[in-house]
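Swiss-Prot annotations:
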| type | residues | note |
| --- | --- | --- |
| DOMAIN | 7-189 | domain 'tr-type G' |
| BINDING | D19, H20, G21, K22, S23, T24, N136, K137, V138, D139 | GTP binding site |
Amino acid sequence: MTNVPISRLRNFCIIAHIDHGKSTLADRLLQDTGTVSSRDMQEQFLDNMDLERERGITIKLQAARMNYKADDGEEYVLNLIDTPGHVDFSYEVSRSLQACEGALLVVDASQGVEAQTLANVYLALENDLEIIPVLNKVDLPGADPEKIKNEIESIIGLDTSKAISCSAKTGVGIPEILQAVVDRIPSPKDNTDQATKALIFDSYYDPYRGVIVYFRIMSGGISKKDKVLLMSSKKSYELDEIGVMAPDQVKVNSLHAGEVGYLAASIKAVADARVGDTITLVDRPAQDALPGYAEAKPMVFCGLFPTDADQYPDLRDALDKLQLSDAALKYEPETSSAMGFGFRCGFLGLLHMEIVQERLEREYDLDLIVTAPSVIYKVKMIDGEIRMIDNPATLPDPQKRETIEEPYVRMEIYAPNDYNGTLMGLCQDRRGDFIDMKYITTDRVTLIYEIPLAEVVTDFFDQMKSRTKGYASMEYHLIGYRENDLVRLDVLINSERADPLTTIVHKDNAYGVGKGLVEKLKELIPKQQFKIPLQASIGSRIIASEGISALRKDVLSKCYGGDISRKKKLLKKQAKGKKRMKSMGKVDVPQEAFMAVLKLNKD
């Protein structure tokens with residue numbers, strides 16, 4: 001199965017924005033080449049997580065090997081590496097691009113170029129990939145292929161004279177795409193005689209075989225009898241099996257340069273087989289690793305707490321297991337007076353955070369509370385020490401610190417012209433600095449802003465979508481830290497600080513946020529036997545307060561008439577009891593109240 005000459009190998013990926021039909025196109029390619037029979041075919045064949053199908057997005061990378069008989073009568077092997085389209089998963093895209101020589105740029109013929117497509121196209125151009133523009137969904141009534149071709153030329157600068165129009169749904173144009181892959185994408189370089197180097201572009205955890213590593217061989221070859229060495233961790237393994245994905249795993253004896261395959265070697269955790277790492281042979285190791293891999297850094301942090309304290313060990317096990325297959329997830333134990341034991345977790349972005357939370361709840365049957373997302377702040381202490389703070393509750397007191405810097409991103413928003421005003425208003429509300437505005441076509445515009453990441457991670461995306469009826473798309477990347485007048489806003493419930501509700505806000509917004517928080521808590525916390533003060537404070541200064549009045553038991557109900565002093569005595573006794581209760585009583589804040597307030601942080 002693997003004795004294909006390098007000249008007849010093609011490695012390519014598909015770049016597309018969410019919903020532009022990438023997974024459906026991949027399905028058609030698999031079907032047309034006979035890789036998957038029509039009987040076994042199910043929609044979004046390569047998206048094999050339930051969550052991926054439901055949300056219609058690709059999260060984990062998949063790969064598939066197809067045999068294709070081209071017009072010249074020769075049989076070619078096409079390796080399709082499926083990539084995620086969402087901005088959070090751009091690191092997954094970058095490593096799959098490194099394993100390819102070409103890419104299909106899929107653009108919806110009715111919607112045009114979107115922000116995340118652009119980000120990935122630039123990554124592909126940096127990797128010197130041959131890009132084939134494909135206009136999908138030409139069967140839709142609103143499709144305008146000529147207009148979209150001009151858009152691709154003006155925005156990306158690609159020649160679209162050979163762009164292929166297709167409809168992945170009906171199958172129109174699929175044979176032309178397969179032929180274009182053979183004709184226009186170059187074959188891999190023939191480096192079979194050099195030292196073995198293979199790039200890991202994905203890995204997942206199999207409970208029976210350990211970590212399954214997907215790799216692309218850049219030079220040399222790997223056979224089943226070899227002992228392999230992973231260059232960054234310096235660990236060596238004996239191979240249990242190697243093979244190709246067709247798209248089900250098929251064992252083979254050896255693979256050579258240019259080929260894409262998988263290996264199993266009883267590797268315990270995905271962290272041992274880091275994506276982007278280089279595989280070489282123990283007997284004939286390569287001198288240096290493949291260039292260009294940076295470890296994924298979490299950008300967004302939040303606390304995860306089980307609603308039931310008994311589930312803490314289950315949550316720990318679940319995170320351990322998830323980390324086996326998600327190398328970008330970072331976590332450490334955390335305790336909170338209000339929530340008990342939990343974990344502080346780091347994610348690539350909001351979508352990544354939602355997906356991890358959903359997978360924990362769905363696959364591991366956990367019930368979780370998630371605190372408000374925060375970013376990493378850079379705090380300069382008075383003694384000159386620099387501290388990185390990812391949990392607002394641990395921000396040092398004002399008298400101990402000199403400055404606080406927060407991460408900024410450069411954001412590009414692509415939207416129809418009509419929504420200019422409302423989008424600029426949104427960016428200004430979120431402390432964004434206007435940089436530039438460009439008209440891409442007569443009716444589409446790009447807005448460029450520099451904006452604090454903390455303002456983006458709450459609900460910027462939802463707001464942008466709702467204000468533009470879903471037509472806007474955005475892309476952002478980190479540009480560094482800037483100093484701002486930031487303060488820590490604490491919420492006190494009955495004079496006790498509620499850690500999960502602590503946030504870091506800009507001084508100008510502190511009053512509005514604090515007032516909103518205490519008002520919401522007042523609605524949600526049930527009345528107790530004593531009065532509960534709710535306060536929002538900056539340091540020792542209270543900036544907003546509300547009170548929950550006490551439940552009052554009618555102690556006079558048994559006194560019919562009688563002496564007033566008897567009534568006074570009973571009321572005095574009740575007041576004394578309430579006073580004692582207030583000093584000793586603990587307010588039990590229901591989980592729903594925390595959840596609702598954390599949602600309010602987004603409104």
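Just so you know, glycine gets a Cβ as well, placed from its N, Cα and C.
Not measured: the values here are computed from a predicted model.
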Which residues, sitting 6 or more apart from V138 (GTP binding site) on the same chain, put a CB under 8 Å from its CB?
A109, P145, S165, C166, S167, V172, G173
DSSP three-state assignment (helix, strand or coil) for N136 (GTP binding site):
strand
Sparsest Cβ surroundings (other CB atoms within 10 Å) among the binding-site residues S23, N136:
S23
Can you tell me the mean pLDDT for the domain 'tr-type G' (7-189)?
73
